[in-house]
């Protein structure tokens, strides 16, 4: 229990951080007129009439005029899942005893897919129509959407239309449970940073030695082809894209363990030091390997985009290597190592372009002047003056993704969800045309201090704050109302077995695991 005495709602709370007294506004705990609806859709009309849902009388069905019928496994799976969400507890406790529907009972949700092609057997893409409209009236509710993706985002409590893509970045640990919670928060892209410096868990069919030598453990700590397939299908059934990231030329120490001569040998003076730096950009074998590797990646991951990284390249090893120096002289690069990095990235982009995939890159690739395809997505991640970067990238005409203000691995005292919530992603200087190039935002959680033991409470409900900022209208900014709705939404996650951390001192009617 908290060691302090309860205070009246709406007051100030003072706490000490490094000797500095900080003040935090405490919110007034009162029900929102929107209940615990999260994230708030673009338009909401609340009726004063309440309807009751009971497991014995309620069904989710295909509307007669819908283009997706009983053969659409994606929707049938969603109907079962949401029925379990709504009535699972009642069923388990034996409360669903047979009786007739009462006068206030809502007996049916009819799902109406209006387009001739429902997209039922497709994968969600950057161009997918995810809009939906929900009307609730007796004796049934209607959820209307052009495609199945919109229907997957519809709740029984709201109607709305998506505005921006929402991305969630997760590094290398099991993503299944995370995707279930993403769907609850209407986050629709899973950016899977599947390999990094310390470990290469992706099991490649073409180069099996990469995970055999580079993973934490070759059997227990890898993603098999079956695992990857399962993650992609699990996501598809929830309307979530999976964008894989294979980051080079930096962050690649684990690659070098299984692929000889891929990394640059570092020198100490005139002798080899025994350590290795980024990918070696001067060998033809590097590009032969990348061609084969990304050909495989393009077939394994169905999304239209692959993330190629390109961030935080340490030039010290390249500087130490006499062969690199000689190559730079031959190319006329002088001692500008960003030109060498650009040389490598340019070759890599040409390779990936032959696989008919679009690509995403971290902002350093743009900053260093690499020639990019017009549809390249530039990912702005560096904090501080990120609005200036957004202005530059969009002025150059590139689709842009913002994650700089939403790094959830930074843990701070008090309610840091408010900081994520108050961000305005389009606050940079630019024309309307520039602002239309911002395709979405991303909540990032990096894994230096995170694994499956603590990933969920670190993510939720803090990532939920990012979801509403990107899903809802620009003028949805009442932090007090958000606090009350998010508290309720957090309890809904807890009730479904998700250990989402509290926003502040509080309790849920049904606590985690029923305690």
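Note that Cβ sites are derived from N, Cα and C of the backbone, with glycine treated the same way.
For reference, TrEMBL has these:
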{"type": "DOMAIN", "residues": "37-154", "note": "domain 'Beta-hexosaminidase eukaryotic type N-terminal'"}
{"type": "DISULFID", "residues": "72-120", "note": "disulfide bond"}
{"type": "DOMAIN", "residues": "180-473", "note": "domain 'Glycoside hydrolase family 20 catalytic'"}
{"type": "DISULFID", "residues": "266-317", "note": "disulfide bond"}
{"type": "ACT_SITE", "residues": "312", "note": "active site, proton donor"}
{"type": "DISULFID", "residues": "491-508", "note": "disulfide bond"}
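Around the Cβ of residue 508 (disulfide bond), the same chain contributes 490, 491, 494, 495, each under 8 angstroms and 6 or more positions distant in sequence. Here the disulfide-bonded residues are 72, 120; the one with the fewest Cβ atoms within 10 Å of its Cβ is 120. Nearest neighbour of residue 72 (disulfide bond) by Cα distance, taken over the recorded positions 266, 312, 317: 312. Confidence annotation: the domain 'Glycoside hydrolase family 20 catalytic' (180-473) carries a mean pLDDT of 96 in the model. Put simply, residue 317 (disulfide bond) is 50 Å from residue 120 (disulfide bond) when counted between their Cα atoms.
Counting every protein chain shown, 17 other Cβ atoms lie within 10 Å of the Cβ of residue 266 (disulfide bond).
Secondary structure of the domain 'Beta-hexosaminidase eukaryotic type N-terminal' (37-154) per DSSP (helix as H, G, I; strand as E, B; remaining residues coil): 26 helix, 23 strand, 69 coil. Cβ neighbour count for residue 491 (disulfide bond): 21 (other Cβ atoms within 10 Å of its Cβ, all protein chains included). There are 14 other CB atoms within 10 A of the CB of residue 312 (active site, proton donor), with all protein chains counted.
Straight-line distance linking the Cα atoms of residue 266 (disulfide bond) and residue 312 (active site, proton donor), rounded to a whole number, equals 17 Å.
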